[in-house]
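Colleague: Please find one structure pasted underneath; my questions will follow.
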Amino acid sequence: MAVLLLAYIGLSTVVTNSYYQLMLTLVPVWAVLGLSWNLFSGYVGLTSFGHAAFFGLGAYTVALGLTMLNLTPWIGIPIAALLGAAAALLIGLPTFRLRGHYFALAMLAYPLLMSYLAQYLGLQEVSLPMRRDAPAAWLQFSDPRIYTWLGLGLLALALAISMVVENSRFGLSLMAIRQNELAAEAAGINVRMWKMRALMLSGAMAGAAGGFYACILLVVTPEAVFGMLVSAQALVVALFGGVGTYWGPLIGAAILIPLSETLHAELGEIIPGIQGVVYGAAIILIMLLAPEGLFWSLRDRWSRRSAEALVPGAIPVPIQKLPVMPAEAVAPKAPSGRTLLEVRGLCKSFGGLKAVDDVSFSVKEGTILGIIGPNGAGKTSMFNALNGVLRPDRGEALLDGQQLVGRKLHEICRLGVGRTFQVVRSFPRLPLLDNVLVGAYGAGLADEEAVAAAREAIARTGLSHLTDAPAGGLTNKELRLMELARALAGRPRLLLLDETLAGLGREECDAVLDVLHGLRAEGMTTIIIEHTMHAMLRVADELLVIDRGRVLSHGMPREVVEDRMVIEAYLGKKWLAQCST
Ligand SMILES: Nc1ncnc2c1ncn2[C@@H]1O[C@H](COP(=O)(O)OP(=O)(O)OP(=O)(O)O)[C@@H](O)[C@H]1O
């Protein structure tokens, strides 16, 4: 990165043509805006079509600060960044209620709104007054190269922020949200707060870029700073280069800005609006050839090639074929006999459907409670009501005396409830360790402790040999264990496992059951939903049968499976009649 930066500085010193000199200044500006877009949309996964709102706000702040308040851009740009963050807060508060396409479309409205506001206030064209007396103090240099160097300085700052974010719990939390909001929240991540932080940081970055842009252009108009092309440029450079990495906007800006500006300079008179054509063509090409962006495509190709080069002619051994180590042994702990979870009269309805109907049960510390029931019986809804995904209509759930009902998902996680979901969500490009680390961060553990907790959880699930393997190469069983490790990394007191054995063969199932036995031996309390009866009989200390939202039976596994009501619920009255005859 430093070498590239030095090369760029070298290039800027030899270019003399003023148009190309301006182009060299614009590359870092659009790269900063791309980084700002990537910081929010790339990591969180919510597409923003409205980053021009922050950019334009920054540009107008600097321009108006200079013309009306005699404020130097050296102060104006930091204020532009602060206002960008404040605008992000105001925009985020109502807009985070929307998801997916609705969020993206709503974001379109903000730059439009600001553009109309600027026109209404008579700010169609704000020219920055000339202050040639003290160029350094007013950021008005006659040597265009200085702007390029300042732009590079701004880029270096934005890059440093992006790197810190990407390699910290901040970035990992955002990526977890991007993959699966619900699972991230269940891992203890306060989704709304992290999204807001990301948008505010992104808004600040875009505001600063806009402020600097005003100093380069010297004239600020609504179209130039709030226009659709501004938001599009932020998005296109990041998508083209690769989202979810700071390299993406850099690569995108370094290729697309010179290309579009050169074409504009050479062909602008014959084909007006050629820049828009370049961006459109770039997006179409990238979608067809490298949908995840140039960086990821090149990196994947590079890693494939180096894997082949490592053992010429040999077929690389897939990660999933590595021998599976047994879970590391831990001294067994006798169950204390204390009640850890007490559920009383839990109810949850969807319209007229009673999905959970007056469910009461308790779980003793250090035991495994298996929950079975036909499809649609209300098992997952009960889990959701227990760990805060759904708010129960009535009833209570006490974890060691602490009320869970009424608390948010991440709060319940921090109280000591770990959860896995029916569908495993991994972060395929990240190593197993990072995938598990999300759970430790979510539980609020400090950096070093979080890494230790993640490694410990990986060891407890017997995946230590895969610690650095990317999750994308794991088998179904390993992914299930990885999700279990993520739940364990938060050091929970109660584990809620939703169909952890789903889709596994007999041998794989046995391996996961061994891990669950190991956890019980360590004193872990677990509630597991499962359809596979043989597995339930092997692992559960008690069984709870739910049918049409109600508890049908609760007791020792052997007694429960011989219960006539249970057999009827599973196999129907006809079957029961045949059995009796
Ligand atoms: N968000 C929702 N809105 C409306 N109905 C829902 C919702 N979630 C679940 N249901 C309904 O509640 C009932 C119980 O569903 P639930 O997913 O809890 O059952 P389950 O026992 O977990 O089933 P399965 O074993 O198939 O996962 C079903 O009839 C389902 O259609």
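Glycine too: its Cβ is placed from the backbone N, Cα and C atoms.
Quick paste from TrEMBL:
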TRANSMEM  20-40  transmembrane segment
TRANSMEM  52-69  transmembrane segment
TRANSMEM  75-96  transmembrane segment
TRANSMEM  103-122  transmembrane segment
TRANSMEM  146-165  transmembrane segment
TRANSMEM  198-220  transmembrane segment
TRANSMEM  232-257  transmembrane segment
TRANSMEM  277-298  transmembrane segment
DOMAIN    341-573  domain 'ABC transporter'
Colleague: With pairs 6 or more apart in sequence, are the transmembrane segment (52-69) and the transmembrane segment (103-122) linked by at least 3 Cβ pairs under 8 Å?
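Modeller: Since 3 or more Cβ pairs under 8 Å link them, the transmembrane segment (52-69) and the transmembrane segment (103-122) do come into contact.
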Colleague: Under 8 angstroms, Cβ to Cβ: which one of 75-96, 103-122, 146-165 has the largest number of such pairs with the transmembrane segment (198-220)?
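Modeller: Between the candidates 75-96, 103-122, 146-165, the best contact partner of the transmembrane segment (198-220) is 75-96.
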Colleague: Go through 20-40, 75-96, 103-122, 277-298 and flag the stretch with the largest number of C-beta pairs under 8 Å relative to the transmembrane segment (146-165).
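Modeller: Comparing 20-40, 75-96, 103-122, 277-298 against the transmembrane segment (146-165), the winner is 20-40.
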Colleague: Where else in the chain does the transmembrane segment (103-122) make close Cβ contacts, counting only residues six or more beyond its ends and a cut-off under 8 Å?
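Modeller: Counting only partners 6 or more residues beyond its ends, the transmembrane segment (103-122) has Cβ contacts under 8 Å with 46-53, 56-57, 60, 91, 95-96, 222-223, 226-228, 230-231.
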Colleague: Mean pLDDT for the domain 'ABC transporter' (341-573), rounded to an integer?
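Modeller: Mean pLDDT, the domain 'ABC transporter' (341-573): 89.
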